[in-house]
Each structure stands twice: as C-alpha cells, then as structure tokens.
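A.B. asks: Structure in structure tokens, see below.
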C-alpha cells in the first residue's frame, strides 16, 4: 500500500488504515504486535517525510469532533486530534471566536499541534491549551495531561520523549478568552500594524505572508519550515550582533533566538540542490522537492545545510521535519 506526505515522496507501507475511534486504534496496535510490525500513528503527514518504504502499519488519525462550551469569560473548545488545525481556526473565525488567528493557515492536525507545540507569529499551542487527552497503548488506559504537565517548549512537548511514545493524543481542550486581545509580539505584525488592528487585518496579513514564503506543496513538495530557529549561547549572540550590526532586526526573534533562515542565507545556500531536493530560494528555511527527489537527496541536503551553518557560525541546526525509515523515526 502506498502513502505520500506533503514533501511528495511516494512510498510503500505493509498496511495503511484510518481509525475513527479509540477501539479501532487499539485494534491496529494489537495487530502490529501480533505481526511484529513497527507501528506509526500519523495525522495530516505534513512534517513527516518517508525516506524509504515503511515495513509496518501506518494508522491515520481520523478522530474528529468539535464541541464548544461557554463559561463566563472563556470559550472551551473540545476538538478531536484528527481534526485539521487549519480548518479548526477557520471554523472558529466564522463563529466569531477569536484568539487563534495568528496560527491561521497552518497545515497539520490538532494532535500534531499539541505534540509539536505548533506556533506562528507570536502565538503557540501552549498559550491556548487547557489539557490534552491521550491513550497509553501499552495498557489501554486514558490519561489527561493538563497544560503544565505537557511540559511545552519551543516546537516540543513531553509527547516527543521516548518514554511517552506510546501515548497517543486523542483530543484536546482549548481555552480562549471571550474578550479578544490581539497578540502583537511578533516583529512583522508590530511593524505592519503599529496602532489599531482587527482580526481580519491579522488573518489577511498572515495569509499573504504564508503565500509569499511557503510554496504550495501540491506544486512544490515541502514540509514547511524544515529547521527550528535555534536558541544560542549569549556569547554567540554578542558575536553575531557585533559582526552584523545592521541586520539585527532580521536576525533575532528574542535576545538569543536566531532566525535559522537568515543563518542559511548567510551561507549562500539559496537554490543549492542535491538531486531533486533544493533549498528554496524565496525562503531558505524550507527544503523543496523539485519533483524527482529521493529520500537520500533530502537527508544529504539537510546534512549539508547543517554542516555549512555550523562551520560558519558554530550553531547546530535542529530539524523540525521528521524522517521515517523502514522501522520508524530516524533521529
């Protein structure tokens, strides 16, 4: 059976099945144990890149639900982990429930948003999460993780740790204030809207920015931002500030968090290609598939970018994309 991700690599798996309930998920898990197959749960397959055929079972999360409960000051949004994050934000905007607009138009599932602590334009999943409901496949028991227990961090959470690999996110509860306050802590939004701003303004601006910086994966295969923006030692930050004083506004998100795309650009890697994999010219934070890339092309290109940035700046870039080999994730 064949499966494809947004990067456009078509690979085979021993079995690919959708699950719409916990019972169906448990069945697929037990089947993988019985056949001694690797087991992989996926949502919208945006950040996941299969570099070769997968010798196991791929379970596609289709647990979808949406329920909204109001309290005096907040809207509580109960949503299935298989729901599309992009569709969820659009639905809430149509219902005039505002607060997620900074994370508009992000592909991927709600489950992936919780695992990766998805974020954009100054807002992260952790900022609106009340709790995450999971099932531990090792014993079949359900467990609820409240916000603090999830140990959210930049593009990560407790669910990315090996110890919690058997915990599958089933649903989440989001807590959104009824009294809307725009999130204005990202430089691009601040520069664009120095004074009054509306939800429509922010949504339109983010749509335009994403169209400019991220190619349509149906035309140019990609997984969005390929590398995480690194947080570096203060000494390195000071060195970069002194060496590139006029670029500071383009380099730093916070005092010590640096724009990975800028680092790659300084290495003159825009357009650099290995096989069919290429560093996107318009946004070097993204690697693209020119239509004939192989898994090895992507691995070699990501390693080359990592090497060049480290040689020039002494900074080690970490992948945001996830590589899957024949037996599972490749670190």
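Glycine is treated like the rest: Cβ placed from N, Cα and C.
As annotated by TrEMBL, active site applies to 155, 320. Here TrEMBL flags 225 as active site, proton donor. The domain 'FAD-binding PCMH-type' annotation in TrEMBL covers 8-179.
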A.B. asks: What average pLDDT does the predicted model assign to the domain 'FAD-binding PCMH-type' (8-179)?
C.D. replies: 96
A.B. asks: Which residues in the same chain, at least 6 apart in sequence, have a Cβ under 8 Å from the Cβ of residue 225 (active site, proton donor)?
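C.D. replies: The list for residue 225 (active site, proton donor) reads 260, 285, 286, 320, given in order along the sequence.
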A.B. asks: Including all protein chains displayed, how many Cβ atoms other than that of residue 320 (active site) lie within 10 Å of its Cβ?
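C.D. replies: Here the count is 18.
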A.B. asks: I want to check the contact list for residue 155 (active site): same chain, sequence separation of six or more, C-beta distance under 8 angstroms. What comes out?
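C.D. replies: The list for residue 155 (active site) reads 116, 117, 118, 119, 228, 320, given in order along the sequence.
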